Amino acid sequence: MEPFKHPIAILGAGSWGTALALVLARKGQKVRLWSYESDHVDEMQAEGVNNRYLPNYPFPETLKAYCDLKASLEGVTDILIVVPSFAFHEVITRMKPLIDAKTRIAWGTKGLAKGSRLLHEVVATELGQVPMAVISGPSLATEVAANLPTAVSLTSNNSQFSKDLIERLHGQRFRVYKNDDMIGVELCGSVKNILAIATGISDGLKLGSNARAALITRGLTEMGRLVSVFGGKQETLTGLAGLGDLVLTCTDNQSRNRRFGLALGEGVDKKEAQQTIGQAIEGLYNTDQVHALAQKHAIEMPLTFQVHRILHEDLDPQQAVQELLERSPKAE
């Protein structure tokens, strides 16, 4: 199948969904960008740009905004879901009666669904063993939209879908590397947001560069423990979806999770920090999901547990750091 002949639907018109839509449309592909907010769609249709979430990057002629989910999926084989993880299951449920046996599902969502479920498990439960794929890696939406060099991982349960999707996306400035570890890619994408909040808190408390480096490194260890328990591959940890995305999210202030942590470390109230950022903060939601998973399987994840206590038990960030520093020394 020649993938470029068929339109692709992108469900989710936030900054990341829009950036991916631009990558595809700039290659001449027909792209349908769906948002559930009718006023947002009206704005995009009238202005030819997503001024709410990704301003300054005009839509190519082949990129159209939709609010009607049925219309956005009509005649479409490939669907790319880019909504916050807490909305992922709902979107799958809504699209279920609107798709057919030829449908192939990919997502750029990073996180776990309600009940600490991996996103591919949600898709399999609702839709069966359809061709599915995950796109992940260090990819700030504004830099992708600006056509700055970016590299991501793509993993799929279907070799033809993987080949077609890579052909759709890959270019000189947006490089796509094939990966065969869906579990590892999904778990890395979930944990890195939590660790970005942790490093943001540390920097907000002015604990220094040494502390930031230690948090990233020990955070990678936590990530590895989780991936190992669920059968993911250790190689994924040092790849784009693991270390690559972790370093970017923990160190760049374009990261919403890092900015959220910075605000908390500087003493800003949680709700106020959320309102200031104005878009979904995946780590805020996924801390709860990953924490539950770690508890259930007795996985040692002290950084994740302390972030959870800060977010959900009102633990003072300074106290959380002090408790981590008082932990008994152990082998690396």
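Note: Cβ is positioned from N, Cα and C throughout, glycine not excepted.
Of the residues A46, A87, A133, A141, Swiss-Prot places A141 in the same NADPH site as S15, W16, K110, R256, E282.
Swiss-Prot annotates K110, G137, S139, K192, S255, R256, N257 as sn-glycerol 3-phosphate-binding residues; of D100, D245, the candidate listed for that same site is D245. A 10 Å radius around the C-alpha of W16 (NADPH binding site) takes in these binding-site residues out of G137, S139, K192, D245, S255, N257, in sequence order: S139. Counting in whole angstrom, G137 (sn-glycerol 3-phosphate binding site) lies 15 from R256 (NADPH binding site) by their C-alpha atoms. When the Cα positions of S15, W16, K110, A141, R256, E282 are compared pair by pair, the longest gap among these NADPH-binding residues is 15 Å. The binding-site residues close to E282 (NADPH binding site), defined as a CA atom within 10 A of its CA, are N257 out of S139, D245, N257.
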